[in-house]
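Asks: Below you will find the structure I want to go over with you.
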Amino acid sequence: MEIGGRGLIISLICFLFKFSTAIEIPLSVQQVPTIIKQSKVQVAFPFDEYFQIECEAKGNPEPTFMWTKDDKTFDLSDSRIIVSNNSGTFKIPNEGHLSHFQGKYRCFASNKLGVAMSEEIEFIVPNVPKFPKEKIDPLEVEEGDPIVLPCNPPKGLPPLHIYWMNIELEHIEQDERVYMSQKGDLYFANVEEKDSRNDYCCFAAFPRLRTIVQKMPMKLTVNSLRHANDSSSSTEIGSKANSIKQRKPRLLLPPTESGSASSVTILKGDTLLLECFAEGLPTPQVDWNKIGGDLPKGRETKENYGKTLKIENVSYRDRGNYRCTANNFLGSTSHDFHVVVEEPPRWTKKPQSGVYSTGSSGILLCEAEGEPEPTLKWRVNGSPIDKNPFAGDVVSPTEISFTNLQPNHTAVYQCEASNVHGTILANANIDVVDVRPLIQTEDEENYATVVGYSAFLHCEYFASPEAIVSWQKVDEAKPLEGRRYHIHENGTLQINKTTEDDAGSYSCWVENAKGKTAVTANLDIRNATKLQVSPKNPRVPKLHTLELHCESKCDPYLKHSLKLSWSKNGEGFEINATEDGRITIDGPNLTISNVTSEDQGIYSCSAQTALDSVADVTHVTILDVPDPPENLHLSERQNRSVRLTWDAGNDHNSRISEYIVEFEGNKEEPGRWEELTRVQGKETTVILSLAPYVRYQFRVIAVNEVGRSQPSQPSDHHETPPAAPDKNPQNIRVQASQPKEMIIKWEPLKSMEQNGPGLEYRVTWKPQGAPVEWEEETVTNHTLRVMTPTVYAPYDVQVQAVNHLGSGPEPQSVILYSGEDYPDTAPVIHGVDVINSTLVKVSWSTIPKDRVHGHLKGYQINWWKTKSLLDGRTHPKEVNILRFSGQRNYGMVPSLDAFSEFHLTVLAYNSKGAGPESEPYIFQTPEGVPEQPAFLKVIKVDKDTATLTWGLPKKLNGNLTGYLLQYQIINDTYELGELNDINITTPSKPSWRLSNLNSTTKYKFYLRACTSKGCGKPITEEGSTLGEGKYAGLYDDISTQGWFIGLMCAIALLTLILLTVCFVKRNRGGKYSVKEKEDLHPDPEVQSVKDETFGEYSDSDEKPLKGSLRSLNRDMQATESADSLVQYGEGDHGLFSEDGSFIGAYAGSKEKGSVESNGSSTATFPLRA
């Protein structure tokens, strides 16, 4: 039976906990009162306006309130308090009678079903603390004696802070000799003369009362022994004083009456403070230890120069005996503290409220711990339990059990646990209720979730007896089944891993023995939010810009609630709130400029909507140049090599691709570092090939994809011994300015190639192929002048490097020539063949090789015009030069004037210069076609006639025989009509009148000058004939017309008025507008552009005419080309093959000296229609 009873009790406990924690009674159901708010300790601070003591409760019927003060009924109708409506709360105004209300209050909330009881509420009315008015006698002691200055602070509301200061509010300095105790007394282990003062003041501060009070000043006089006998020396007095006053320690704290041991009680969790202070001379030192154990590490500190032992957050394991020991070299003393740790009551099993149905069973448990062990006391509705007839079937100090509960068992049970350190109270409601289920969730509630998430449909209810909850879809008649569905104890339906098919309406049914009730819930399924951060895992060089983008996609119904946020390594960014402004967040974009290594990390973009949240991350790696290599070490030292080893520095996330080894040691450029070799990034050692006679120092640079590191620290020095040269000078050449002279030059060896001291150059030479001894000379510079017996003779030359340790390798011979002289003979001209009016071919005989006296570079033709055959006028001599390189005997001379006489000479030239000219050769050029006329103008038009005038060509190139005038109709689309020809055989006539033209028609005119050789290039002009009745003489003087004279007068008058207005405004200080200023001071560049608008048009500005090539070539004779000089001589534009033969037709080059025409210079005449 006993076992069965215990099992019943355990099951009842489980049932009670399960049922009571799951259900809260709605206020619509009758229930006992429950206190929901109450005051704690209330202090009546003098600066507050009023003091409110709270007590609020709920219940059905609505509770009424009653108070006790110091276990006696407190009258709420007292006119000095203000009571709140529908509540037990009342206010005590601060009107001078507060002490009447000081005490311990308890609130009782009751209705017909029970009474709830509050914990005790203490109302404290503190007194204003004051030091007593007293006369403090002065204290007088001898130097070295101990003294205690008492404070005896007044009682007041804790906490209390005590300070010792002088009248100037300067703190009295504390040290190993001077100490203020926890009670506030000021202790001196031994006084010194400097301790004398008449203003020792004790201040007591009460921060909660905002009050500081001061004790009357105390006077302390310290008599020094050095004044006791003026005839004694200070050294003797000091020794005497020390010998008299020195003493072993004696404890002043704890006081002597405490004995050698005392007991200290501390509450668990509080801070333990133990203090010891000893007088003596020399000043004693205080030490602490725990008898039979160690001081708690991490929680203990020694303060005030070791006089206070502080242990924070005391626990039961801190109980025991602690010893303080004070000692100096004369002895020691100690005191033991027996520390007792106690604790106010605390709940281990707090009675819980419960709702029960009629006939059920229940149990209330009440257990508490504390030191001393708390006593437990039960109450029912605020009264002792033994006075209630329906208290329970079993009542014990720690539990009350019920069987066959009935409505009259409904009550409020109180359990109170108390010991010397305090009391705690717990209310537990026993409500015996029988009702049909009450569903507290609103009907037709709408819920939403996203695909793949869990949905929670609520169905909170109250039911007694216990009810069964079931859920089903409205369009289905059976309850929901399956692993995805879970119904919680509070009625909530959880649907896991939702799909779109889960959308719809659901019914929640709650049923117990008294009936059943239902509500409907509607569920919408939304698309899940998707997120992607790009780029993925970027690698960004330092000081570059990082740009991250967060691409999101969410359900349209959730778009309004979508919020994006960025974080790095789990810490969020405040939008645009960085100190240096480098980080910018613009919606889905995160930009960091000038990135540093601190910006490396995992960046996350989070999307939060009303229904779901998702995040995506990217790992940002910041790249930088490597750190410099470290710990350079030289080993395997040889004459021509050494091994260099180093440690790689941090590569800053970018693999080191190679190392650059540099050296310094060039004697000519000390301090200059040069590259020696490169090593693959995976290697950290290399054998370096070295040159002799160099004091080397090395450094290493690491290279990755970002760039180069700073150079490493230099290595130790390594000096190689000298040796003979390994190489001879290169680029041996000759330079000569005089005949028979040979200045031999070469590239000197660099400092690193000399291999030793005393570098010289041994130069040897002899005529090429001659069986003679080598001539030799040794020099220190890199040039040697040698005179030879012959001009331009070949020599074998050798240059060898030599130093103090030997000679370089056997030198190679090079062939050099001695100095050249000018050629001493001229070529003979064989003839000049005239090709056309501007081009001739000249042929000559080459000069013998032995007469060149050097390297023949070519031949030069000089020619000049002597006279024109057209008018016989003599031309001043202007020599033209054309050179032909290489060994050749003819050349083409272009760009000659037609119908002229020329003189021509030929000479040979070498590197030294030109030789003598040949005898002049005289030749003449035939007639050619003229250049285009100087101008062509239409000076008069009528409806069917037009008069044209023109100027002579600049170059006639022969006797002028006449002109060819052509014209054709053109329209606005530049379509061409039939071309008409007119031969003008009177060369002296400068104009022509065309007749039988169509009226109101546009014509294009072409005019060519002609000689017996043909006609030249045309000049063109356009014009239009007039219509019927129009004025025919457009170029007639219109200045005689009346309308024109009137117009000019009007313009002059307006100009005069404008100038007058401007003059008046300027004299009156008026301001011009910006536009006026621009008009008065036009931009010269703009003005020049405007002026150029009225210039003549060139051919290049004309639009091409369809069919014009056909019309212009018709019935024309073949013309001779004008030739450019640059096409036939040396230069980039030459049109000769290697042997000098002429290549094809001549190009229309516009080089200086060209006689080819630029085409017509036309200006469309502005004719009136």
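Placement of Cβ uses the backbone N, Cα and C atoms for every residue, glycine included.
Here TrEMBL flags 225-244, 1155-1169 as compositional bias 'Polar residues'. Summarising the annotation, TrEMBL assigns compositional bias 'Basic and acidic residues' to 1075-1093. Residues annotated as domain 'Ig-like' in TrEMBL: 33-122, 126-221, 249-342, 345-431, 437-524, 529-621. Feature annotation from TrEMBL assigns domain 'Fibronectin type-III' to 628-723, 728-821, 823-928, 932-1029. The region 'Disordered' feature in TrEMBL is assigned to 225-246, 707-731, 1075-1113, 1150-1169. Residues or ranges marked as signal peptide in TrEMBL: 1-22. What TrEMBL records for 1043-1064 is transmembrane segment.
How about a rundown of where these features are and what they're close to?
Replies: For the domain 'Ig-like' (33-122), residue counts in helix, strand and coil come to 4 helix, 48 strand, 38 coil, using DSSP.
Residue counts for the domain 'Ig-like' (249-342) under DSSP (helix as H, G, I; strand as E, B; rest coil) come to 6 helix, 57 strand, 31 coil.
Looking just at the domain 'Ig-like' (529-621), the mean pLDDT is 90.
Note on the domain 'Fibronectin type-III' (728-821): DSSP counts are 3 helix, 47 strand, 44 coil.
Each residue in the domain 'Fibronectin type-III' (823-928) gets a DSSP state, and the totals come to 3 helix, 56 strand, 47 coil.
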Asks: What are the DSSP helix/strand/coil residue counts across the domain 'Ig-like' (437-524)?
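Replies: Secondary-structure composition of the domain 'Ig-like' (437-524): 3 helix, 48 strand, 37 coil.
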Asks: Which listed range (126-221, 437-524, 529-621) shows the maximal number of Cβ pairs under 8 Å with respect to the domain 'Ig-like' (345-431)?
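Replies: Selected stretch: 437-524, with the most Cβ pairs under 8 Å.
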Asks: How many helix, strand and coil residues does the domain 'Fibronectin type-III' (628-723) contain under DSSP?
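Replies: Going by DSSP assignments, the domain 'Fibronectin type-III' (628-723) contains 0 helix, 44 strand, 52 coil.
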